[in-house]
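> My questions all concern the structure below.
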Amino acid sequence: MKKLNLRQLKEHLYHGSLQDLDFSNLTSSAKAWLEREIKRIEEMKFYEKKLYEEGLNFIAGVDEAGRGPLVGPVVAACVILPKEIFIPEINDSKKLPEEKREKLAEVIKKEAISYGIGIVDCREIDEINILNATLKAMKKAIFEVKEKIEYLLVDAISIPDMPIKQLPIVKGDSKSISIAAASILAKVERDRIMREYHKLYPQYNFAKNKGYGTKEHIEALKKYGPCPIHRRTYVEKILKG
């Protein structure tokens, strides 16, 4: 039987599992990569494993996408993963190319015990500010989850008035597999929304810039003015300057 190379191994892992994998049927480079990946992902389970050892089962990661853009909503996700989950190449969404994020999002949705998405639009961001909008989106995502969450691992910030115990982790999307999964779902959902907005307002090229303040986007903003989904509190300074 011909041994699986690295590309074939990754495809197998996306659609199968470690349990049904014959390690002797891997090329040396594929086996070396897999050993490194297993070690990396086990390190990303550090916080989850500590909580499992305390007898908890439903641990959720929470993260957001869209605090920085000039346009559109802030999107949060909340994800509970199984204890023995192995998703190759899962990481902070910002470290992954778009195509990889899309593929990983499909796997996460399929393998997750439960997940939720929360969205707060640009109008509300202008009304309550981006931090409060982010917290509101996170709460929405948490309450969308079907299982009873026992503990929250949150990227960087603490969520006030939350009846569930939580731990904010700085750069949590790189340190916790649950937060990484949430970061990917939030980013993929927000990118999908921005592609839809691009169809309505193609002059700003939202499909490419996703609403961030690129040079091209700012030039279009100055040329055409803001559209209905621009965050007024963000673009006023740019237009005045």
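Cβ coordinates come from backbone N, Cα and C, glycine included.
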> Looking at divalent metal cation binding as recorded in Swiss-Prot, which candidate out of ASP121, ASP126, ASP155 goes with ASP63, GLU64?
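When Swiss-Prot describes the divalent metal cation site, the candidate it includes is ASP155.
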> So which of the binding-site residues is most packed in, judged by how many other Cβ atoms lie within 10 Å of its Cβ, out of GLU64, ASP155?
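Of the binding-site residues GLU64, ASP155, the most buried by Cβ count within 10 Å is GLU64.
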> Three states by DSSP: which one describes ASP155 (divalent metal cation binding site)?
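In the DSSP reduction, ASP155 (divalent metal cation binding site) maps to strand.
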